[in-house]
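Peer 1: The annotation domain 'Pseudouridine synthase I TruA alpha/beta' is assigned in TrEMBL to A:12-96, A:146-248. Sequence annotations record features per position, and here TrEMBL assigns active site, nucleophile to A:Asp55. Sequence annotations record features per position, and here TrEMBL assigns substrate binding site to A:Tyr113.
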Protein chains: 2
Amino acid sequence: MENIKNIAMRIRYDGTNYHGWQSQSNGVTVQSTIEKALSELTGSDVKVTGCSRTDAGVHALDYIFNFKSETKIPVEKLPYALNYRLEDDITALEAWVAADDFNSRFSVNGKRYIYNIWNSALKNPFLNRYSWHFPYKLDFKKIKAAAVFFEGKHDFAGFMAAGGQQKTTVRTISVCGAEQSGEFPELLTITVEADAFLYNMVRIIVGTLADVGTGRIEVSDIPEIICSKDRRQGGITAPPQGLFLKKVYL
Amino acid sequence: MENIKNIAMRIRYDGTNYHGWQSQSNGVTVQSTIEKALSELTGSDVKVTGCSRTDAGVHALDYIFNFKSETKIPVEKLPYALNYRLEDDITALEAWVAADDFNSRFSVNGKRYIYNIWNSALKNPFLNRYSWHFPYKLDFKKIKAAAVFFEGKHDFAGFMAAGGQQKTTVRTISVCGAEQSGEFPELLTITVEADAFLYNMVRIIVGTLADVGTGRIEVSDIPEIICSKDRRQGGITAPPQGLFLKKVYL
């Protein structure tokens, strides 16, 4: 069995047409699509381990998974061979042979997410699938000021949906900020980078920041909301289609 | 008939699912979609005049049309009423009562187009509908250097597809440039602004610039190619989905 390699791949995908990353009994997922393509390609059953359980409609500009295989296809040719079998909404970017103990779920050192809010009474035809359409006026200055309060090492128990399997709810956010795009002044992009994330953590942070933008929550209330560890103190869970996994750090 | 108003509207649309702007016997167009919605909305048959005949798959971040109507709906409410009847890939942005002699086709003073080239062996899941996927290495420096030769008042007879109805093929390009996006280094965006355009002019300029990028055409050959007025001297007509009408100047 010495020919078994632990192969890691970087991919990018538009999540619009998938029921999230993780394989499930009903609906096509990114994981099941890739496992099917890799199994056909290598001629044996492939199971992959992903770096994040993205929900239905969430996108990834950068995503890493790994799998064990005895395939003789040269690793540098794998992305092209895989892309040939995939629809245009998933692209394999690179592949490499990882250390035997590399595991995409546990070996990742950090991740950066971005979240797009389209703040206008009118929709944007190009951003329907890629942003949260928030029709009521948001105070971007307040959102920018509030975002930095999330930075640091905190217990984010109040910013988590049910369904996580973590041992601790303490996470360290290294970057939390908001900025307007140059292209559209109505587009606010929120960036959150952390060592690891709880289930729906970014979307709950964004939902809470939207409440700051409408004035329902004060900027200065954020630290107290974090400390409360009470999910009900924050805002709603922002919808999935505005969320992008932007960068995975190894 | 003194209640007839000449109403102008600004819209934005994703052209992916339309057979271009102009109504035709087969296929749904942006114009036919809008005319149907406005006719239902106002209760009488509406015919609109557009500022540009965009081809199938071409997009508009900004587009102006006008129509005559006796509607009693307040003009400032028209965009919202119209959007309610349109799919998410067309958005009405604003409406106003224009001068009686305003005509979107002839009253426009200039237009700016942008064109996206995605230059990578690998596709980009987010740009398939919004760029020309050009898999062979392009020299962006050469393209940038060549673009400026298109600026100025020239006879662009060689940069026109059959089917135009113009009296003259002389046009003045005020801006022609190329720049890389900050987000993706593989994305080159070409901007062309002119007083008016010939049929497929931007797409032929882009196809010619791609030939400069591959080395088939030298940067310094561009002036001569323009002077030749010979369609065969330039490059191919770049595909429609990379093209966006960016701004219409009144």
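Note: Cβ is positioned from N, Cα and C throughout, glycine not excepted.
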Peer 1: Run through the domain 'Pseudouridine synthase I TruA alpha/beta' (A:146-248) and tell me, per DSSP, how many residues are helix, strand and coil.
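Peer 2: Reading the DSSP string over the domain 'Pseudouridine synthase I TruA alpha/beta' (A:146-248) gives 35 helix, 29 strand, 39 coil.
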Peer 1: Do you know offhand how many angstrom separate the residue listed as 'active site, nucleophile' and the residue listed as 'substrate binding site' by C-alpha?
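Peer 2: Each residue's Cα considered, the residue listed as 'active site, nucleophile' and the residue listed as 'substrate binding site' end up 13 Å apart.
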Peer 1: Looking only at DSSP and grouping its letters into three states, which state does the residue listed as 'active site, nucleophile' belong to?
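Peer 2: Note: the residue listed as 'active site, nucleophile' is coil by DSSP, not helix or strand.
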Peer 1: Where among the recorded positions A:Asp55, A:Tyr113 do you find the Cβ with the fewest other Cβ atoms within 10 Å?
Peer 2: A:Asp55
Peer 1: Restricting to the domain 'Pseudouridine synthase I TruA alpha/beta' (A:146-248), report the mean pLDDT as a whole number.
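Peer 2: Here the predicted model's pLDDT, averaged over the domain 'Pseudouridine synthase I TruA alpha/beta' (A:146-248), is 94.
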